[in-house]
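Notes for the one structure printed next.
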Amino acid sequence: MAESMQRIASAFESARDLTLEAAAVASSRLGESSYFHYSKSIDSESLPGLLNSRYTREVRDGMKRVMSLMGSGDSSIELETHFADIVKNIGSDDVKVRRMVSVYLLRYAETNPNLALLSINSIQRSLSDSNPDVRALALKTLSDINIASLYPIILHSLKKTVIDSSEVVRCQVAMTLLKLFKEQGISIKDDVMPMLKSLLADSEPSVVSAALLLFQKAFAQELQLLHGHYRRYCSILNQLTENAQAIMIDIFIAYAKEYLPRPMVRDTSSDAEAIQLPDSFNQIPFPVYDVEYDHDLNLFLSSLKKLLHSPNAMVIVAVSKAFYQLSSPKTFKDSGIVDSLLRLTVSSYICSEIKELVLQSILVYCCSDPSLFRSHYKRFFLMPSDTENISIFKLKILSILVSDSNCKHIVNELKFVAGTEQSASILVEVSNTLSVCAQISSKWSSQIISWLLDRISSNTPIDKEVTASQINVLRSLIQKDPIKHIATVVKLSKMLSNHDLLPSAKAPIIWLLGEYVQVEPRICPDVLRRLLPQFSKEHAHVRLQILNLAAKLLSHDVDSYSGDMEYDIGTSRIGQMFEAALQLAKFDDEYDVRDRARMLASIFEQKRYEIATLLLQAPKPYPMASLNYCRDSFNLSALNLYPDMENYYELLPWNADPQASDRTPCEVKDYSKLKNSFSSSSYFGRNEVEFTNKPKRSASVSSVPSNTFTSSHGKKYQLQSLDEFFSDVSARQSVPKAKRVIIEESTSEETDHTDDESGSSSGDESTESSYVSSSEEETTE
């Protein structure tokens, strides 16, 4: 009783010694706030005590404080002064502590290289740790320490761990090799290449994923390394990581263009000879056709279809790129890629940045073949949740998909957006899309011109940039049929004085009036008279167009002059206005305006009126909407894509003479066989050949079962059934002094030696077999 009371008193004494700090740490498991206050109490004096403590919990608290100071940029504690106390914990048994020390080393190793080198031995010893996470962390820490003299040590460690039994460590080997290649460059190619070949032949998909990243970043041109892995990679494509799937697709596109035969297109409506798949996506001349693909190319395309339902949007975009570059429009449409891409545009689980990339991909495909997405044009109507960039790309897609059958719905949608949208950039793109719709037919052209003119003339406050874009659209549409739109030109001329227009809006109107000199010359002189007094206050582009307008008026006036006397510029009212504009332009600040004034003065002073007529009054071709007539599908600059997307969709040419290559699968390296462990998997996974019936050794041991089992170490053990085990119960009760005989059969020599000893023992003694090690072996007297 006294002893029990003493134990209780000792427990209370230990509980009283529990400090407030330890209690705060314990309560931190319930929330972050309590630990935050406790962490604040760790100052520069108490931190070394925690870092040098023999208790892992206190060391972890100290390292958490260090991480907090590093992350917040707090300079209240000079962490560099505690370098030795922190780094010595690199050999801690706690993996979390090791990770935090590694992060600290990454930050401060360069400031204390000598002290950092003292931890290398501990890190190298961790490469032999039984925990694969610890081994991978040690390898990562070695590569993160940015000290040039460590390169030989890191390379030696990589050569050792590239055949590690854990796939986690081998993945880290690939990442470390990539890091070394970025630092050292092509100089270490000979050292990295053998390890890369080993990683590419790995049986684990996770290791292959890391190896493909290394291959793409460091050896993208060494495609011949993939010959023996091509077919295996196609079969395990869906097992790779999502990032590696996109990488492998890009690599195999280049591989197929270089080493695989180009698909053949055969016209099924005639007996014409088959042709090679054209370089451009939509240049197949046959209305009905079939495509013959090489076996290996078809294997790759078939494996891609499994990824169309991937949760990663970039994987689906990569799949669409592969079909776009390697197949025909018919195969592209039949593969289901269109539905997968459309699903991404409306998914609520995808961020706006990814949707922008998906829409740019669709824009490229629509420019190549609008029929792919034309039936889904309503999926590109603007939504209230769309960002500005998403809306702009949708409008560009609509401008390509517009046709006579869907023009009514698209125009109505654009008018609605123009009346509700506030963003100037979106409204400018709406105007550009309307200009494409107006080119469908003269009916739509008249309706859109009337609507745009009403929008500009209304008192509704509109951004000047939007007004300028609408005027430019009007100019391009009026130029197509100037006689029909004289009234519209008169209204535009009045806007020069009634509206506060941007230079980008004024200059097109003045240019359009100059083109109308031959159609209706009575409008232009009065406009020029009102523009000349404001010449010096206008923008350079506007001043240049005023000078051109004066020259066009004078040239037309000279051509239409029918008097008997020679035309006199000085006595003509139009000639006088031209002289005034010429005089103002000669002293202009802009070189372009002065140069144009000198050229025009030279022409008219030397009376070269024919040249003036050809130069100023020649009919100009009216502009066309480039997106609606995207004949060259590879001219991506006209689509205003992001620079990275332009590079991503750069077309790779087919190799005209692909080299014959052996794509027979090479030997796969399975490192899981190196794992030495005795478990249920090692037992039940054994080949049936290992379970054999052994012959009876002697009559004295006839009761011992003859079944044997061979362990993963090569040792043999006898097995016993449940009935045989319980059959010896009565014998053991009748002979209480009998000793247990445990027999181990590791080799044939040990078996013979055991038989000799068993023959000299008593035959009445019972035996019992079980799984034992050599340290438990006993013999009978």
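A Cβ is built for glycine as well, from the same backbone N, Cα and C atoms used for every other residue.
What Swiss-Prot records for 699-712 is compositional bias 'Polar residues'. Feature annotation from Swiss-Prot assigns compositional bias 'Acidic residues' to 746-758. If you look up Swiss-Prot, you'll see 759-774 marked as compositional bias 'Low complexity'. Under the heading region 'Disordered', Swiss-Prot lists 694-713, 731-781. Taken from Swiss-Prot, the feature repeat 'HEAT 1' applies to 113-151. Annotation source Swiss-Prot lists repeat 'HEAT 2' at 153-186. Per Swiss-Prot, the feature repeat 'HEAT 3' maps to 187-224. Positions annotated as repeat 'HEAT 4' by Swiss-Prot: 294-332. Per Swiss-Prot, repeat 'HEAT 5' is recorded for 521-559.
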Residue numbers, six or more beyond the limits of the repeat 'HEAT 2' (153-186), whose CB comes under 8 Å of its CB atoms: 120, 124, 127, 132-133, 135-136, 139-140, 142-143, 192, 195-196, 198-199, 202, 204, 206-207, 209-211, 213-214, 217-218, 669, 671-672, 674-675
Same-chain residue ranges lying at least 6 outside the repeat 'HEAT 1' (113-151) that approach it to Cβ under 8 Å: 83-84, 87-88, 90-91, 95, 98-99, 101-102, 105-106, 157-158, 160-161, 164-166, 168-169, 171-173, 175-176, 179-180, 184
Composition by DSSP (helix, strand, coil) of residues within the repeat 'HEAT 1' (113-151): 30 helix, 0 strand, 9 coil
For the repeat 'HEAT 3' (187-224), residues assigned helix / strand / coil by DSSP: 30 helix, 1 strand, 7 coil
